[in-house]
Every structure is written in structure tokens, then in C-alpha cells.
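One structure is given here, and the rest of the page talks about it.
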Amino acid sequence: MGEPEKRAGTHGIRCFAKIKVFLLALTWAYASKALSATYMNSMLTQIERRFNISTSIVGLINGSFEVGNLLLIIFVSYFGRKRHRPIMIGIGCAVMGLGCFIISLPHFLMGRYEYETTISPTSNLSSNSFLCMENRTQTLKPTQDPAECVKEMKSLMWIYVLVGNIIRGIGETPIMPLGISYIEDFAKSENSPFYIGILEVGKITGPIAAIWLGSFCATIYVDMGSVNTDDLTITPTDTRCVGAWWIGFLVCAGLNILISIPFFFFPKTFPKEGPEDMANETKNDEGDKHREKAKEEKRGITKDFFLFMKSLSCNPIYMLCVLTSVLQVNGFVSIFTFKPKYLEHHYGKSSSEAIFLMGLYTLPSVCVGYLISGFIMKKFKITLKKAAFISYCLGMSECLLSLCNFMLTCDNVPIAGLTTSYEGIQQSFDMENTVLADCNTRCSCLTKTWDPVCGDNGLAYITPCLAGCEKSVGSGINMVLQDCSCIQSSGNSSAVLGLCNKGPDCANKLQYFLIITVFCSFFYSLSLIPGYMIFLRCMKSEEKSLGIGLQAFCMRILGGILAPIYFGVLIDRTCLHWGTQKCGEPGACRTYEINSFRSIYLGLPAALRGSSYLPAFFILRLMRKFQFPGDINSPVTDHVEMMLTEKESEHTDVHRSPQVENDGELKTKL
């Protein structure tokens with residue numbers, strides 16, 4: 001071929017042959033994948049209610065994303081480095097879009113959402129069967145043969161969400177390992193921390209948009225346009241209320257496909273940033289091709305794979321970094337996945353408010369932390385040892401500060417027969433709760449239905465019938481229940497739909513909880529960039545793509561997949577009252593024992609994150625005991641430039657054994 005054709009094949013379209021343009025596109029891809037992931041997490045409670053499933057199944061759905069990622073992560077990370085990385089990233093974005101579309105499909109296949117209730121939307125006499133009446137048996141509407149529960153197609157529609165999430169995970173696989181290795185290969189070493197900081201900001205701007213989108217969709221009723229919302233008998237804070245969860249997934253699908261387009265125009269390789277490399281651009285391109293061909297002829301791709309795996313496994317700092325990451329991910333996934341649920345049940349917020357607060361008080365501080373951390377690493381040229389120490393101290397500070405949340409507790413909502421007696425005396429979670437009392441035994445009430453009402457006496461009751469209410473006035477959510485025999489001792493005997501509101505003291509504690517969340521998020525994000533640079537610099541240059549992928553593999557199989565499942569199982573154990581499907585089988589949990597829920601939600605992640613600082617401590621010890629190449633006080637960027645220079649000399653001699661230690665690479669032994 002002629003020289004022009006050769007250069008065109010190497011550098012592609014001129015406007016795309018710049019590392020900063022690729023960085024911009026990759027930042028958008030990071031934002032898009034983070035948008036999809038965060039929106040999925042914000043909608044887990046909505047999905048749980050829509051499909052009437054337990055929290056453990058929701059955890060399985062959430063972990064299915066990691067299953068899809070796990071299927072390909074190591075092979076994509078290693079073999080993808082030897083292929084056209086931008087095109088593989090573009091294909092991944094398009095596959096993510098397909099997965100998001102599949103997740104939204106059940107809405108169009110299931111029909112309207114029918115929540116569990118005995119209450120009729122109007123108060124006419126012919127529809128008052130949900131009230132306390134002697135010699136009449138209540139029924140849950142509509143009823144169905146329990147044997148049909150398994151056969152009902154709609155009961156298994158959550159599998160579409162599971163499969164779509166797996167496909168979304170497959171699509172995300174190439175973005176991080178191939179994108180970061182691409183930047184590491186062609187960016188100036190001194191710019192690398194700053195570029196990674198920009199990518200991390202992209203990972204935050206996506207969630208910010210997702211929080212806004214999730215909060216907006218949660219305010220819209222799931223079947224908007226096809227039902228009269230004035231006839232609904234559930235309030236926004238009701239645990240049966242479901243928002244338009246499917247809209248956001250359609251938005252994510254379109255955005256992922258749109259963002260995939262630019263990656264098909266980037267070249268396979270870039271000229272290295274810097275004037276000295278630009279001058280020798282053609283020479284370096286030819287040298288890279290020659291060296292790659294020589295390596296493949298001598299050892300082969302598969303042999304390299306196992307040699308790199310062995311090298312990484314014998315690198316103690318790398319292995320300790322992976323262990324630290326696994327423990328950190330277990331704690332982070334547990335906190336982030338169920339944070340909306342915690343805000344709803346512990347502080348009495350609606351789904352929309354919980355999603356909005358989670359984003360408002362978490363994401364901006366994380367974004368600022370990433371930017372400041374990346375800027376400091378670039379500006380002051382932090383050494384490897386200082387970076388490790390800074391990361392450790394900031395992480396420990398965040399972990400200790402988060403323990404203050406244990407003091408910001410709210411009490412259980414007083415629910416007669418569950419958390420309190422009918423006389424208002426608080427009951428223990430371990431006690432056998434009895435929802436029937438002398439005031440409602442004559443009413444022949446259903447005991448498994450969830451239709452909560454709040455009485456004038458400040459107590460909530462599971463249904464109007466169990467409150468002993470005999471009359472109703474009004475319609476929809478404005479309905480008022482009167483002549484309630486279980487409330488009469490307070491002087492009034494009326495009730496309104498929904499649980500009673502949390503007190504002002506609980507609202508104040510929520511504000512302190514959110515303020516602590518801001519500082520914890522900021523400290524945690526400050527610690528990530530220095531810690532991640534230690535992780536990147538402890539590997540040989542040619543091992544980075546595989547090393548990143550192997551770390552992601554471990555984090556997903558030991559954290560991303562398992563954490564939401566076992567965490568969901570533990571949360572289910574704190575459930576006080578399960579919902580009921582139309583066929584009578586248990587559905588989603590309607591209310592939790594708050595003290596037990598809080599202990600699991602805050603305690604388990606604190607234990608996991610706290611234990612992660614033990615291997616981190618050994619990393620500090622190893623870095624102090626062993627000498628790094630060159631001056632031990634040299635900055636991270638100088639260290640990387642040395643690695644790149646010596647990597648070049650290594651490639652010049654293709655017969656050199658991979659077992660030989662390179663003077664410019666980190667080699668430590670326990």
C-alpha cells in the first residue's frame with residue numbers, strides 16, 4: 001500500500017485522531033453507562049412493587065448485571081487490547097442500549113398495574129365491603145385460584161428485567177478496561193491522573209442525570225394516560241405506589257445507542273502525546289506493528305495471557321489492591337442499592353423524594369472530590385508512597401465518620417398489631433404480633449391485606465376493617481373513614497388513608513444524616529484517585545488491560561453479584577408484613593422493623609469497609625519496606641515515564657525472557 005493509505009488506516013478521520021477527542025467520547029460513554037446503572041438502582045424499589053417480588057429477588061436482578069459483565073470481562077480486557085479498542089467500545093454501548101430496551105418491555109406486555117386493596121375508590125353503599133360489618137366476609141379483589149399463581153404469565157415478567165440487565169452488563173464490559181488502557185497507552189503520563197479524574201467526573205454526571213430522571217419518573221403513575229389517577233386510593237408514600245419506571249429505560253436505550261456512533265470512527269492507535277513523539281509518529285507506528293508481530297510469533301497470544309496472569313498473581317501489592325477493592329465494593333453496593341428503600345422506610349419519604357435526596361446530597365460532593373483529587377495528583381506530582389498514605393487516611397476518615405449515622409435513628413411507625421399494641425404500647429420485633437383485637441373481632445377482617453389507615457389517635461392500622469371503621473366519606477386518596485371502634489378511646493373515631501407521618505424530630509435527623517452523607521462522599525471520592533493510581537502503577541504496562549479486567553472480574557463475582565443478593569435476604573428477614581398477590585401468595589414486603597433494618601443497612605457495610613483497611617495497611621507496609629525503581633521520592637508521573645522508556649527498550653529485544661525483572665517496573669515479593 002501507499003504511504004497515504006497506510007497513514008489513513010492508522011489515524012482514521014483527522015478530527016477523531018486526537019486523544020482528547022477520544023477522552024470526550026469516552027467520558028460520554030462513562031456518563032451513559034453510569035446513567036443506566038444509577039437509574040436501574042433508583043428504580044429497584046419500583047420494580048419490586050410492580051412485579052410484587054421480594055427484596056432478595058430484587059438483589060438477584062441487580063446482581064445479574066455483574067453476571068453479564070463477568071462472562072466476558074477478562075477475555076475482553078486482554079484480547080481486546082490486541083483488537084480495535086474504540087470499535088469494541090462502540091459495540092458495547094450499542095449492546096447496553098439493547099439491554100435497556102429489553103428491561104422496559106414488561107410494561108408493554110403486562111397490562112395495567114393492579115395493586116393489592118380491598119378499598120373501592122368511591123364511598124357508595126354498594127362498595128363498602130372493605131369496612132367493618134358484621135356477618136360479612138371480606139375478599140381481596142380480584143380473587144383467583146392460588147394454583148393459577150404459578151401459571152400466570154405476569155408473575156414471571158421480572159425475568160425480562162433480569163435478562164435485559166445481563167445484556168446491559170455484557171455491553172458495558174469493554175468500556176472501562178479498554179478505554180483506560182487506550183488512554184494510558186497514548187496519553188502523556190503526567191496527564192493520565194487528570195484524564196482519569198475527568199472520566200470519574202463522567203461517571204458522576206451520569207448519575208446526577210439519572211437521579212433527576214428517576215425522581216421525575218417516580219412522580220408519574222406507572223400507567224399514566226390509561227387510568228384515572230383521581231380514583232387511586234394510595235398516596236405517594238404508600239409502599240404500593242409505583243412510578244413510571246419504564247420511561248427512563250427507554251431514554252437510556254436511545255442515549256447508549258447514540259453515544260456508540262463516534263467510536264466507530266476512531267483509529268486503532270494514536271500518536272503518543274508530546275512533540276517528541278509527534279516527530280517520530282510514523283516510525284513509532286511501524287515499530288509498534290513490528291514488535292507486536294514479533295511477540296505473537298515468539299510466544300503467541302494465549303501464552304502471553306497465562307504469563308501475565310502468573311505475573312499479576314505473584315505481585316503482592318496488586319493482589320492486596322484487589323482484595324481491598326472487593327471488600328469496598330461489597331460495602332458500597334449494599335449501601336447504594338438499597339439507599340432509596342432505607343430513606344423511604346426509615347425517614348418516611350416517598351420514592352421520588354428518596355431518589356432526589358440520594359442524588360442531591362451524594363453526587364455533587366463526589367464529583368468535586370474526583371476533580372480536586374485528580375488536580376492535586378497532577379499539580380503537586382504526588383509520589384507513590386504519599387498517594388498511598390493519603391488514600392488510606394481519607395478512606396479511614398470516611399469510614400469512621402459514617403458510624404455517626406447510627407445515632408440518627410427514627411422509631412417505627414406505630415402500627416397496631418405490628419409495632420405497637422392496640423393500646424399504643426410498643427412491641428418487640430420478636431414478639432408474636434396479633435392484628436386482631438376485641439374492637440375488631442366482630443368485623444371478619446382479612447389479616448394479610450395491606451390497606452393502611454392513620455387514625456386520629458396517632459396509630460396506624462393495617463386496614464380500615466381492622467381499625468373497626470364502619471363508614472367512609474369522599475373518594476380516592478381524600479377518603480375519610482368514620483365510626484372506627486378501635487380509635488374511639490381517643491375521643492375521635494376517624495382515619496385517613498395511608499400510614500401516619502413521621503414526627504418533626506425524625507425530619508431533623510434526616511437532615512443530619514444527609515449532611516454526614518455529603519462529607520463521607522467527599523472524603524471517599526478524594527481517596528479513590530490516589531488509590532487507583534497505586535493500583536495502575538503496580539503493574540507492567542502490557543499487563544494493565546488484563547490487570548484492570550481481572551480486578552473487575554473479582555469485584556463483580558465477589559461483590560457485585562453476591563452483595564445485593566445476601567443483603568436482600570437479610571433485609572427480607574426484617575419484614576413485618578408481606579403484601580399479598582391476587583392469588584393469595586406472598587408478594588413484596590410492605591413494612592419493616594426499623595431497628596433491625598437500620599442495623600443491617602448501616603452495620604454490615606461498615607464492617608465490610610472497615611475490614612478493607614487491613615489489606616490496605618499491608619500495602620502501606622510493603623511500599624515502605626521495598627524500594628521502587630529510581631528515586632523512591634520521585635513523583636508518580638516520573639515513575640510512569642521511566643516505565644514507558646524501559647518498556648520501549650524491552651520491546652527492542654524480542655528474545656528477552658518475560659521472567660527477567662525490568663529495572664523500571666515495580667517488583668515486590670512477600
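Backbone N, Cα and C atoms are what each Cβ position is placed from, and that goes for glycine too.
Noted from Swiss-Prot: Cys445 is disulfide-bonded to Cys465, selected from Cys410, Cys465, Cys469. Going by Swiss-Prot topology annotations, Asn191 is found on the same membrane side as Lys544. Comparing Asn52, Asn62 with the features listed in Swiss-Prot, the residue bearing the annotation N-linked glycosylation site is Asn52. Straight-line distance linking the Cα atoms of Cys465 (disulfide bond) and Cys486 (disulfide bond), rounded to a whole number, equals 10 Å.
Looking at Cys445 (disulfide bond) and Cys469 (disulfide bond), their Cα atoms lie 11 Å from each other. Fewer than three CB pairs closer than 8 A are found between the transmembrane segment (60-80) and the transmembrane segment (606-623), and contact between the two stretches is not assigned (pairs 6 or more residues apart).
Put simply, Cys486 is the one of the recorded positions Asn52, Cys454, Cys486 whose Cα lies nearest to the Cα of Cys469 (disulfide bond).
In summary, the transmembrane segment (87-111) does not lie against the transmembrane segment (312-333): fewer than three C-beta pairs, each 6 or more positions apart in sequence, are under 8 Å.
For the topological domain 'Extracellular' (225-242), the DSSP-based tally of helix, strand and coil residues reads 3 helix, 0 strand, 15 coil.
Within 10 Å of the Cβ of Cys445 (disulfide bond) there are 25 other Cβ atoms, across all protein chains.
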